[in-house]
Amino acid sequence: MTDAPQSQQSGLTSRIEKLKTLGQEATKRGTRALFAANPNRFGSMSFRLDDLLLDLSKCAISEDDLAALIDLARAANLAERRDAMFAGAKINETEGRAVLHVALRGRPEDGYAVDGEKVGEEVESVLSAMSRFSAALRDGSIKGATGKTFTDVVNIGIGGSDLGPAMAVLALSPFCDGPKLHFVSNIDGAHLADTIAGLDLSTTLFIVASKTFTTIETMTNAETARKKVAAALGEEAVGAHFAAVSTALDKVSAFGIPADRVFGFWDWVGGRYSVWSAIGLPLMIAIGPENFRAFLSGARAMDQHFKTAPLEQNLPVLLGLAGWWHRVAQGHPSRAIIPYDQRLARLPAYLQQLDMESNGKHVGLDGRRTPTVTGPVVWGEPGTNGQHAFFQLLHQGTNIVPVEFIVAANGHEGDLKHHHDLLLANCLAQSEALMRGRSIEEARQQMLGKGMSPQEAERIAPHREFSGDRPSITILYRTLDPFSFGRLVALYEHRVFVEAQLFGINAFDQWGVELGKELATGLLPIVTGQASPDDRDASTAGLVRVIQEMRDR
Ligand SMILES: O=P(O)(O)OC[C@H]1O[C@](O)(CO)[C@@H](O)[C@@H]1O
């Protein structure tokens, strides 16, 4: 947005200022007034793509506000930038890279290309290699060094090389009929130790997943796993018990993993957008190649919709505009993602990386400070658990937190339908309560009705009042399966893209993670006592000295 010419820029500034005013007015007016004025509001403020519904009616966005937001999207050249992404342009300008994760779920007729070279065939050839490997693991024709079938697969990766497949394997567990998947990400030795504690290494395959194959956590865990396999089964067994996924194929071969077990991807796939690539190998092993293709098809359906639907009906655009409205026009600093689905328990963590690593930036595409605030803090937990933990703050806290409820109309457990009925009732009740609230008079009358004394009712009533008019979005679909899940994840990917364009930032770099990594490298010899902490800041040096005092020798 901010790389636009000056006249266009001032057009944007005035639109943003107008929207901020509208946002503040909307906060005062609330949502109930909008329903009172238009009882058909659900019809006009909820949007569908087949069996996927996006309900924005419980946000304090009037139809005029939405029109002003669409106008902002047009002025910010959203459609042009989207088209540039799909065309393989190097829109990741600070790293000089194309952003083409959509090609990973494309079909030959989509014709995705980078630098004029079509990428479809290469993508298909990696997918085919993954399919052959997964199928052979699943049917037991690939065996471990001692001739036993693999029962367990441990993915070693972090960030985008962990969160996507870990989230997806849990989300699609009703479709998991292959070897059991485990995920190790943390450099804390406890993670690897606890994960392999119950495993038989002779029936365990390790996948080392790292785009760069340099990430210290992944490399450290992979080396340790390698040593454990060599100790248990002999050095010559290592090749049979490892596979790798990376863009840095030269580095992988140095680790000693045979070439036919190495699956590549490309620099035009960002780490947090890579679950569709070979990084998804653990998911394919768990659910099988066919279901993995359905997962890709679901994402492709969302890509096609994002690419072709008018902005006014375009789900990622609308979700992005609602997010921008909450963050910039209304000034809410965080957003809660609450899937009413235990199997989506890792979705909030996945979206934290997707959203916060993409849009947690304060410098625009023009190298200057962004004119508005940017990405919110993203957090969440599955419902109903969250209701018994932090929902108190959502209903009565001093910060307004827009909530995104995600729920399927049907569960997978046919014999436990009443559980799903209760789950749905709770999900709906929470968004209803957030919007509707309860006046102090209602609270008072309720207590009097239960026989409380007037004095006691008067004293307690303020504590039992709910202001209401707290915004929420509901995303609803028929059932969680590979297709609908792929579509849901792609919806969020494109939403992040939309918000980035409105913020005027590059969503595809992550320079903000560098400094900590650099400092950790310098601190290691200080922690181990090989170097002095004296040239660090006084707090860090002080902490190092106390750690050294406390460490077991
Ligand atoms: O796949 P790699 O290269 O090991 O990187 C893991 C993660 O580390 C990051 O670079 C951040 O440190 C993420 O963007 C990435 O997903």
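Using N, Cα and C of the backbone, Cβ positions are placed for all residues, glycine too.
Residues or ranges marked as active site, proton donor by TrEMBL: Glu357. In the three-state DSSP scheme, Glu357 (active site, proton donor) falls into the helix class.
Applying an 8 A CB threshold to same-chain residues 6 or more apart, the list for His388 (active site) is empty. The active site annotation in TrEMBL covers His388 (among others).
Marked as active site by TrEMBL: Lys517 (among others). Sequence-distant neighbours of Lys517 (active site) (same chain, 6+ apart, CB under 8 A from its CB) are Ile216. In the three-state DSSP assignment, the secondary structure recorded for Lys517 (active site) is helix.
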What same-chain residues, at least 6 away in sequence, bring their CB to under 8 Å of the CB of Glu357 (active site, proton donor)?
Gly159, Arg272, Gln510, Gly512, Val513
